[in-house]
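Peer 1: I'd like to ask you about the structure that follows.
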Number of protein chains: 2
Amino acid sequence: MSGQYQLAEATLRGSDYSIVVVVAVVALAALVVGYFLLREVLAAGQGTAKMQDIAKAVQEGAAAYLKRQRNTLLIFGIVVFLLLFALPAEGAGERIGRSLFFLVGAVFSFSIGYLGMWLSTQANLRVAAAANEEGGREKATRVAFRTGGVVGMATVGLGLFGASIVVLSFAGQAPKVLEGFGFGAALIAMFMRVGGGIFTKAADVGADLVGKVEQGIPEDDPRNAATIADNVGDNVGDCAGMAADLFESYAVTLVAALILGSAAFGAQGLLFPLIVPAIGVVTAVIGVFITKARPGENGLNAINRSFYISALISLVLCTVAAFAFLPTSFAGLDGAKTPSLPGNPGLIAAVAVIIGIALAGIILWLTGYYTGTEHKPVKHVGETSETGAATVILSGISVGFESAVYTAIVIGAAVYGAFLLSADTTVALFAISLAGTGLLTTVGVIVAMDTFGPVSDNAQGIAEMSGDVTTEGAQILTELDAVGNTTKAITKGIAIATAVLAATALFGSYSEAINDARKSLVAFTANLVSPNTLVGVIIGAAVVFMFSGLAVNAVSRAAGAVVYEVRRQFHDNPGIMDGTVRPEYGRVVDICTRDSLRELVTPGLLAVFAPIAVGFGLGVESLAGYLGGAIATGTLMAIFLANSGGAWDNAKKLVEDGNHGGKGSDAHAATVIGDTVGDPFKDTAGPAINPLIKVMNLVSLLVAPAVVTFTIQGDTALRVVISLVAVLIIAAAVVVSKRRGNAIADSPAEQVNNV
Amino acid sequence: MSGQYQLAEATLRGSDYSIVVVVAVVALAALVVGYFLLREVLAAGQGTAKMQDIAKAVQEGAAAYLKRQRNTLLIFGIVVFLLLFALPAEGAGERIGRSLFFLVGAVFSFSIGYLGMWLSTQANLRVAAAANEEGGREKATRVAFRTGGVVGMATVGLGLFGASIVVLSFAGQAPKVLEGFGFGAALIAMFMRVGGGIFTKAADVGADLVGKVEQGIPEDDPRNAATIADNVGDNVGDCAGMAADLFESYAVTLVAALILGSAAFGAQGLLFPLIVPAIGVVTAVIGVFITKARPGENGLNAINRSFYISALISLVLCTVAAFAFLPTSFAGLDGAKTPSLPGNPGLIAAVAVIIGIALAGIILWLTGYYTGTEHKPVKHVGETSETGAATVILSGISVGFESAVYTAIVIGAAVYGAFLLSADTTVALFAISLAGTGLLTTVGVIVAMDTFGPVSDNAQGIAEMSGDVTTEGAQILTELDAVGNTTKAITKGIAIATAVLAATALFGSYSEAINDARKSLVAFTANLVSPNTLVGVIIGAAVVFMFSGLAVNAVSRAAGAVVYEVRRQFHDNPGIMDGTVRPEYGRVVDICTRDSLRELVTPGLLAVFAPIAVGFGLGVESLAGYLGGAIATGTLMAIFLANSGGAWDNAKKLVEDGNHGGKGSDAHAATVIGDTVGDPFKDTAGPAINPLIKVMNLVSLLVAPAVVTFTIQGDTALRVVISLVAVLIIAAAVVVSKRRGNAIADSPAEQVNNV
């Protein structure tokens, strides 16, 4: 293998710039399309005054949460900004660019999250109102789809626009700057996923435990003080968190491709990774506009159809672009590093992109199969409800394990397939990252599909709380919600696939960063059969388990606080149960806000400081092992958590649709238990693993040169001190959150229990 | 680093042989001690005729199962024997020795399992009878402890004896022969763990679902047709499977140490790994004899005390032995390969063994903390029972995740600590394997502790079924059973630690096997940052998830068949419920036997053929990645499954002891659900991961040279065909077991449901 990890600085010429400008214009066009979709959504009817009241409370709660989260993240962002600034860099330009674009990535990520949240709080009311009108099914579906379209357009538009700007302004020293950009996006997305995930599930689980279980009142009953918080949660978790997460996937995947691009394919290598998602933007617009359920058709089929159609169009256009834009030999590339390399760049790029698009399609199919109500796995989970909750849990876990295995193997096959496209390591890694950009072409439609879920869920909540929606309208909203469960699981599968592809490709930069710092002729290898690398793999796998456990625990703790507050309100104010007194919704929103922001700190610190501890403490070989372990276990864990949760949720819906005894039966109670277990799995721990992997990857990439430099200089003491400080920070955070947990368990809830 | 992976053939001289003979005599002495303990156990009272009747049924069921399992394994064993014989080997001696000692390892493993099962079926009755006598607590505890002692002595005695024989007869060409021996032991242990685990939990879960849940009759009620099967299961799963598993741990750890020994430490390196466990045998005898609960003391404290005392004695004796037997410089070693190496062999060996013993102590403490009824985690799980089953499941999963993380990190730290003992790779790997032998010194006591659990559980069953045991006696047995839950979790932790240490050390042999086959001067490396290795890591992690899912599913399916049969008996024969007609216990035993033997095939084939598929299909780098992924994820998964299961079981016991509302409360129902979920976790999937890792490791070690040879010869087509055949075998097995599952779910159970 020649040219191992030879990344190099890119050079763009005049005509190249104009291509980037065209890409930026396409990105802006996506935003314009999004704007027109938005106008259509906002023009829809807003229902009764009562519905508007409720929607307003949800909007205010969500906005208040994100405002406070912004303040928390600001502190975090400044600290990381300073750390980043302090890290060794080659020259002031790189140092400033890296830190500055870290901020840009972070701000973009947060803004897209905010936009997603704002939009969905506007749309939920309108979907509920539409379901109430004549021809409600079509109208409600249309508004929900259109809302998804707005968020989808915004995500791909801003993602592509951001990447174009970075390339335009930093083409010369792009890699480090791009790393900063990706890191900012990933870090903020992780916090929004974790914080929003804790908020939404604390409110959801807390509301269910007191409402459904203790008081026997239905979900979304207005007498439950946690209902508004539950609806706020859908927006800050499933919408804001998801939008930021997918933006981050977009950003980091593009970063990986752009870093490798010029080394592998010269100037064209910097441009082609922008062209592919630009095509994706065009096909996403098509996908959003052609999504229309035929009469009597399941909504998921309609979504799937438009996904496959738009994916097929992307595939054709990308193949054409690859052959049109790229030469048939490496000698034909502008500024090719290895003009004598055998192989056809156009063919390599086309096949790589096709692999990525096919991967998206297979994940969509697999996830639909494992979490959809009409397929065997969910039906089987539903059947096991007849023998009680234990068998529901076991069958759901089996579904999760099984789907994780097949999805992981498919992702692995895609990586391996792209890897085989060239014997040159850099080109092979670039092919893997191009498969990632192929995956990105589907993100617009994916986001549109995903947003659909929480918007429908919220619309259902508003309908239930206001009591102003007809039975028929409520049924429509329930159906839309069930489709949402599957689309949400699909999004998580696609997101984790981007994490694996980007991480694999970024290993090239990792190796190069170490080679540069070592100034050695011997290329860096992390030999897996050596115990230090293997120990790294074990620790990496352990961190995924720890992060998942922390997230689940955080939900339990925060839900406990919600339970206490709702119980207190019922106890102090008997009028709430009679329906004569309005519960203090705002207090539960405040509790969720406070607790979720407090709880996101520990997993956040773990993600940032664990690679620092391993890198400085055990060296760069162990750190590579750590990343490998985290990627492998993280992939499986993320899909397991997402799909078992999705299967449980839909098994519950199956029973609620009248199977196995229907609502109120023992079988229903069993599936409610499954759903509650699945809540923090699928909406808190699972989706946060994607940005977690990327954050750890980028932190490792950023600190590796410092580790090497200290090692060469013999600063063992300094390395050990840095590692210990990192370990202590994590340990202190864990201890503090454990203490908090016990305090909640031991005091107020107990008191109210005993009242 | 010099001397990378230079394993060499050992040479023993006259005085060395006499040391091996002394070790063999110590091993035989352990068996003699075991014999005297056995006489004491058998001399104990056997209770009423009714109790003896029940015990007889259990004995017959267990013996019948193992007989049929033996026949199944015989087929498997012959096939693997032939495959092994067909693999490339250097000369006929290696080929014959390897295959022959595969059979020896397999026969030993099976025999120890059989012995463990036979003993416990003899002891359970006597423990139940003792609990009924005057001073029942002391007597019952003593009989249970002594039974454990017999199995402990048998395991270490036969393990050490087997290894001594191999060294005596094959010292010259030991490595490949040793691999065969370890492979035979691990393969049979895996099947016994999986088969027994499916049997025991199918019967347990099936009995609970119909008895406790549907009919509302207590556990072990004689009217339940599955009770005898449940008790048989405790013996074939928890006793036979566990004994074979720990024997296998013993064998493979010693194999790893002996393979590396002579290369690292010359002739002394072949002897010291035998001396350490010989010391362990002596201290195990001490440990078994000093175990005695003080009046009013928790049984676990007594066990822990004797563990720590015997571990301390081992530590002192091993340190003395290391300094007495090994020289202070490498030049002083007989036939040292690298006499100029800096460092003190005696010190290195002493510290390595101390690391191993300390690791056992820490795992004991950690597991006790996370699964014991008197510590916070289980108490917390118990508390969450007040908010229903969902919170019980979530808190138990959190406990499992958390304990897995800390245990994995401690194991990782032990590996890394031993690795740091020498800059020479071979010596560092030998130090890691010596840490494994340090861990082995505790196995005698560990097995004694573990056997205690199922024996007490069974005694409880006999007491309940016969109705001939006093309330006080029953209470004593319940307490003993709770202690057993924690000791069983500890055993699994120790076993998985041996898997990591042995696997890490065996990576040295793996590399050497490849270097030998390649005949290249460039040492083999599996570069983790290269995509093909990383894909291997992902697949390795996936196989662990798949294996766990298959095991859990197998239990669900087999339990479904049990549910159907028990329901049928209740339905066809109303006299059973009145207590006038005796249910047909034998039919349920037959069903469990048939189903568990059928169900073990798929996970068994996965374990053997997945490394073959990866190795031949993707190459030896991917296969190394595969093993790394399987080790890391397997460690975490095994501990997660074992400890969450243990915590749920003990949380249930906490509630049954009168906390949170006691028996019959909603909280109790919630913990019963947790316990049922935990059953296949802790007794089927979790414990089988340890032998799984070792089987996959040894298969990889055995096939790697063939992969390299085919690659060098350019036989790509042959490689691909072998890989595809392996994949097809796995796929076919998965499809067949899925079909079976659906057939059960769709037909008879449904029919009876609708009766």
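Glycine is treated like the rest: Cβ placed from N, Cα and C.
From TrEMBL, here are the annotated features:
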{"type": "TRANSMEM", "residues": "B:17-38", "note": "transmembrane segment"}
{"type": "TRANSMEM", "residues": "B:72-89", "note": "transmembrane segment"}
{"type": "TRANSMEM", "residues": "B:101-119", "note": "transmembrane segment"}
{"type": "TRANSMEM", "residues": "B:147-171", "note": "transmembrane segment"}
{"type": "TRANSMEM", "residues": "B:250-268", "note": "transmembrane segment"}
{"type": "TRANSMEM", "residues": "B:346-371", "note": "transmembrane segment"}
{"type": "TRANSMEM", "residues": "B:427-448", "note": "transmembrane segment"}
{"type": "SITE", "residues": "B:Lys488", "note": "site 'Determinant of potassium independence'"}
{"type": "TRANSMEM", "residues": "B:494-514", "note": "transmembrane segment"}
{"type": "TRANSMEM", "residues": "B:534-555", "note": "transmembrane segment"}
{"type": "TRANSMEM", "residues": "B:600-618", "note": "transmembrane segment"}
{"type": "TRANSMEM", "residues": "B:692-712", "note": "transmembrane segment"}
{"type": "TRANSMEM", "residues": "B:718-736", "note": "transmembrane segment"}
Peer 1: At least three Cβ pairs under 8 Å linking the transmembrane segment (B:494-514) and the transmembrane segment (B:534-555), pairs spaced 6 or more in sequence?
Peer 2: no
Peer 1: Considering pairs 6 or more residues apart, do the transmembrane segment (B:718-736) and the transmembrane segment (B:427-448) have at least three CB pairs under 8 Å?
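Peer 2: No, since the transmembrane segment (B:718-736) and the transmembrane segment (B:427-448) share fewer than 3 Cβ pairs closer than 8 Å, they do not count as touching.
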Peer 1: Across all chains shown, how many C-beta atoms besides its own are within 10 angstroms of the C-beta of B:Lys488 (site 'Determinant of potassium independence')?
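Peer 2: The answer is 28.
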Peer 1: Under a criterion of three or more Cβ pairs within a distance under 8 Å and sequence separation of at least 6, are the transmembrane segment (B:692-712) and the transmembrane segment (B:72-89) in contact?
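Peer 2: Answer yes, regions in contact.
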Peer 1: Are the transmembrane segment (B:427-448) and the transmembrane segment (B:250-268) close enough that 3 or more Cβ pairs fall under 8 Å, when only pairs 6 or more apart in sequence count?
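Peer 2: Per Cβ check, the transmembrane segment (B:250-268) touches the transmembrane segment (B:427-448).
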Peer 1: May I ask which of the stretches B:147-171, B:427-448, B:534-555 has the most CB pairs under 8 A with the transmembrane segment (B:101-119)?
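Peer 2: So the stretch in question is B:147-171.
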Peer 1: In DSSP terms, helix, strand or coil for B:Lys488 (site 'Determinant of potassium independence')?
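Peer 2: In three-state terms, B:Lys488 (site 'Determinant of potassium independence') counts as helix.
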